[in-house]
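Asker: The following feature annotations were taken from Swiss-Prot:
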- 292-322: compositional bias 'Low complexity' (COMPBIAS)
- 633-650: compositional bias 'Low complexity' (COMPBIAS)
- 1-266: domain 'Protein kinase' (DOMAIN)
- Asn32: N-linked glycosylation site (CARBOHYD)
- Asn106: N-linked glycosylation site (CARBOHYD)
- Asn163: N-linked glycosylation site (CARBOHYD)
- Asn283: N-linked glycosylation site (CARBOHYD)
- Asn290: N-linked glycosylation site (CARBOHYD)
- Asn347: N-linked glycosylation site (CARBOHYD)
- Asn365: N-linked glycosylation site (CARBOHYD)
- Asn414: N-linked glycosylation site (CARBOHYD)
- Asn520: N-linked glycosylation site (CARBOHYD)
- Asn541: N-linked glycosylation site (CARBOHYD)
- Asn620: N-linked glycosylation site (CARBOHYD)
- Asn757: N-linked glycosylation site (CARBOHYD)
- 116-135: region 'Disordered' (REGION)
- 289-331: region 'Disordered' (REGION)
- 384-408: region 'Disordered' (REGION)
- 425-446: region 'Disordered' (REGION)
- 627-650: region 'Disordered' (REGION)
- 770-792: transmembrane segment (TRANSMEM)
Amino acid sequence: MPIKESFKRIKSDHQNQNQDQINYVDENVKENLSTYYLVKRISFEYSFKEFLNSDQYLSIDTSIIFSKNIMNALYYLHSNNIIYADLKPSNILIDSKGIFKLNSINNSILIENNNNNNNNNNNNNNNNNNNNNNNQQIMITSRQQIFNLYNNNIDNDNNNNINESIYYLSPEVLKGYTYSFSSDIWSFGVLLFKCITGYYPFYSNDATKLIESIIYDNYLDPIIRLPSDNNDLIQQQHFNDLISKILEKNPQKRITWPKLFIHPFFKNQQTQQVNEIINKSSNTTLQLLNKSSSSSSSSSSSSSSSSSSSSSSSLSFQQQQQPNNISSPNLENQVIRLNKVKIPPLNISQTNSLNDFSNLIENNNFTRLISEFDHSIDFEASPIISPNRPSSPPLSSLSSCSSSSSSSVPIIFNKTIKDLQLLINNNNNNNNNNNNNNNNNNNNNNNNNYQEIIEYFNFISKFIKTKTTIITKLTLLNYLIDLLLLSNNQYSSIIEKLLIIINEHTILIKQLVQQIKISNDTIIKVKIIHLLGIIIGKSNNLSINSKDSIIQLLEYLNNEISSFNNNNNIQLSLKRKLVSTFGEILFYFSTLDEITLSTKWGILSLEKYINTLLNLFLINDSSSPSSSPPPSSSSSSSSPSSPSSTSPSLLSSIPNPSLFPQISLSSIITTNKAIDKTILLYLIKTFDNLLITRPIYIKYFSIKSKQLLNQFLKYIKDDNNLEDELNNNIKISSSSAFYRIIKQQPILSLSLIDNCNESVMINMIDLNQHWRVQISFLNILFILITINNNFIDDNNNINNINNNNNEFIKKFLEKLYNHYINQKNQINPIVFKKSFIFYSILKDFNNNNFIKIN
């Protein structure tokens with residue numbers, strides 16, 4: 001019988017041939033025409049999980065051997081475009097010779113159509129009509145067991161038997177993103193940490209808190225329990241460094257194979273043969289491992305294969321070159337995760353109704369369709385300037401919005417998504433051969449598309465309410481976020497439809513707001529608030545139909561921000577999203593006129609909400625707006641020598657300080673480590689956008705404007721870490737808000753002279769500064785020059801203060817000339833043009849005095 005013959009051969013191979021790092025699945029053995037059998041090698045090994053349970057932790061020497069075996073196995077899989085995706089002790093076996101081996105690839109992911117794949121694979125995939133993308137990852141079998149939080153009942157919070165896989169999942173996977181080679185390296189790091197220290201780097205008895213800890217918290221101190229006899233201090237240092245590089249939450253910064261193999265922690269006589277893999281990368285992976293095995297009797301590798309009885313197709317490990325970037329798959333790779341059955345990518349246009357989706361949810365077979373993207377934001381909100389927010393009709397009608405920046409920018413800083421496989425059909429009807437027929441067809445297609453999207457969001461709203469795993473919900477929320485952040489013009493029409501329908505049919509917004517209130521999972525709240533912020537930030541017009549939900553959200557955010565005092569990492573992430581989404585709502589409402597705001601939205605004033613943001617950094621003062629006495633007539637009079645006597649028009653533009661709240665924003669600008677820089681950035685951007693749409697809001701910032709402006713200068717001057725993109729964006733937003741304050745209260749620019757000199761101001765326009773920062777300060781300089789000219793009387797009599805200012809400005813302009821004009825090839829063209837204008841002004845100096853500027 002074929003089965004018996006195959007059984008004998010496998011048993012003989014196991015007993016007599018080389019020992020593998022990977023137990024392979026043998027080829028299909030055909031018993032008869034209708035039945036296929038999956039034959040595996042008989043295993044006489046010992047479970048590594050049982051070994052750890054008995055011994056708790058490993059010595060350094062044993063850990064080195066363990067690491068070498070597991071790294072060889074993972075490297076072999078990655079070189080063949082396979083992500084193991086479920087590394088944990090129960091999936092590792094130890095044979096009688098002490099060799100550690102991976103036991104199964106049942107949950108692994110095969111990356112198809114990699115650039116290194118042969119033409120046959122490409123041709124096969126091109127013939128697959130269900131695959132519209134040439135770069136795909138396919139889940140080999142079901143991953144439902146991995147996504148369950150608890151081993152027995154996922155909804156039983158009292159059950160502390162947490163699914164073992166959760167401890168080893170990487171932060172990006174727990175956030176709902178796809179697996180990558182880097183995810184396997186993270187899992188290896190957790191495993192190595194557990195083996196050497198005896199405890200997990202992240203631990204909790206509650207599965208939800210465990211997930212939050214992995215995503216947001218720092219790992220525990222890695223303490224070696226059984227160091228070698230010598231150099232235990234050096235070993236500990238190397239181990240600390242290794243763990244810091246493996247357990248890096250950003251997968252783009254996580255250590256890769258070349259650096260991992262040669263890390264000092266693994267440098268000893270037992271692992272010298274591992275380095276041969278790096279030195280001979282021109283050979284195929286199989287050849288490398290065979291050569292490596294010849295240098296050591298403790299390890300060798302063999303090819304692995306698997307077969308599927310459902311498809312009768314085998315997974316073969318091709319002999320191929322090592323991928324160029326083995327640390328992560330192609331960012332354009334799509335992943336299709338299959339549960340129990342192989343389902344093609346779903347398209348709403350291919351279904352008659354959404355019942356198919358509902359059935360998938362009820363049967364727990366929801367197809368998870370997401371993409372591999374650059375995770376470097378958000379993973380927390382990445383400080384990358386997004387495209388300008390689309391102008392809404394209220395914004396376009398504002399005549400007072402002239403500034404150095406032509407438009408506002410989103411408060412929420414996000415990654416920009418370039419491509420995403422849509423679950424929604426995107427029909428572009430551009431052919432107009434027959435006007436009448438085509439118009440009718442276009443209308444019908446548009447109506448069908450709208451109906452599809454409506455059904456799609458009805459399905460999503462229903463799904464969000466279901467009781468399913470956190471990871472599944474996070475996957476769906478991440479898909480929606482990525483969908484709305486698409487920058488590809490190809491999808492602009494579909495995104496526009498999405499936003500219109502989200503606002504017109506408010507079921508999704510209502511359900512999201514409701515989930516924020518009732519959900520006990522902070523990580524889910526973070527994602528939902530983030531999603532709502534993007535919806536509001538990208539919407540040109542919020543429908544009045546969503547009034548109740550938006551107002552509820554506004555009040556919820558206002559109350560949460562006011563009472564927020566928790567500083568752990570997950571709460572900090574929540575606070576960031578609270579502030580950013582709150583800022584997006586305030587910015588949208590600030591674009592509406594007072595009548596629309598009060599009659600349609602029922603909001604008489606935004607002052608309460610703006611003060612909530614200000615109170616994040618409020619310094620208590622005995623004075624308050626309510627206690628401040630009304631200005632007396634004498635207080636409004638000016639002495640004959642004051643500048644106001646010569647320029648009443650200027651003074652009339654300055655609001656009365658006694659009407660302002662007693663606040664100080666100086667703590668925003670200082671480098672106090674207690675202030676989260678991301679929240680600082682969101683806050684400053686909110687203020688900046690409010691000053692664009694409603695310059696009258698300057699009154700909220702004016703009581704200590706002089707101190708505020710000097711603090712802005714100090715912050716921009718002192719922190720010149722140009723490698724930190726977050727710092728750069730803080731500088732840009734700070735200088736922009738700084739300019740708007742000066743523009744609305746020009747006389748405040750005179751205060752810059754008190755604690756400033758030309759070296760400080762030159763620093764503001766230094767070539768190393770971002771060009772937007774330079775432009776803002778050049779505009780401020782122009783205001784400063786203009787004010788000084790306005791204070792020159794008909795007899796060219798200038799008081800001492802203004803004379804000093806003139807001298808300062810002259811010196812500054814001379815510096816400007818030397819700084820910019822002589823280095824015009826090194827500066828931004830816009831900055832050069834602006835600086836050349838100021839150089840022309842320099843020629844109008846006469847006897848250290850200004851000539852009036854018309």
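Note: Cβ is positioned from N, Cα and C throughout, glycine not excepted.
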Asker: Across all protein chains in the structure, which of the glycosylation sites Asn106, Asn163, Asn520, Asn541 has the highest Cβ count within 10 Å?
Answerer: Asn163
Asker: Asn106 (N-linked glycosylation site) to Asn163 (N-linked glycosylation site): how many Å between their Cα atoms?
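Answerer: Computed Cα spacing between Asn106 (N-linked glycosylation site) and Asn163 (N-linked glycosylation site) is 17 Å.
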Asker: Please report the Cα separation of Asn163 (N-linked glycosylation site) and Asn520 (N-linked glycosylation site) in Å, rounded to an integer.
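Answerer: With the alpha carbons as reference points, the distance is 20 Å.
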Asker: Fill in the CA-CA distance, Asn520 (N-linked glycosylation site) to Asn541 (N-linked glycosylation site), as an integer in Å.
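Answerer: About 31 Å separate the Cα atoms of these two residues.
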Asker: Averaging the per-residue pLDDT over the domain 'Protein kinase' (1-266), what integer do you get?
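Answerer: Value for the domain 'Protein kinase' (1-266), mean pLDDT as a whole number: 71.
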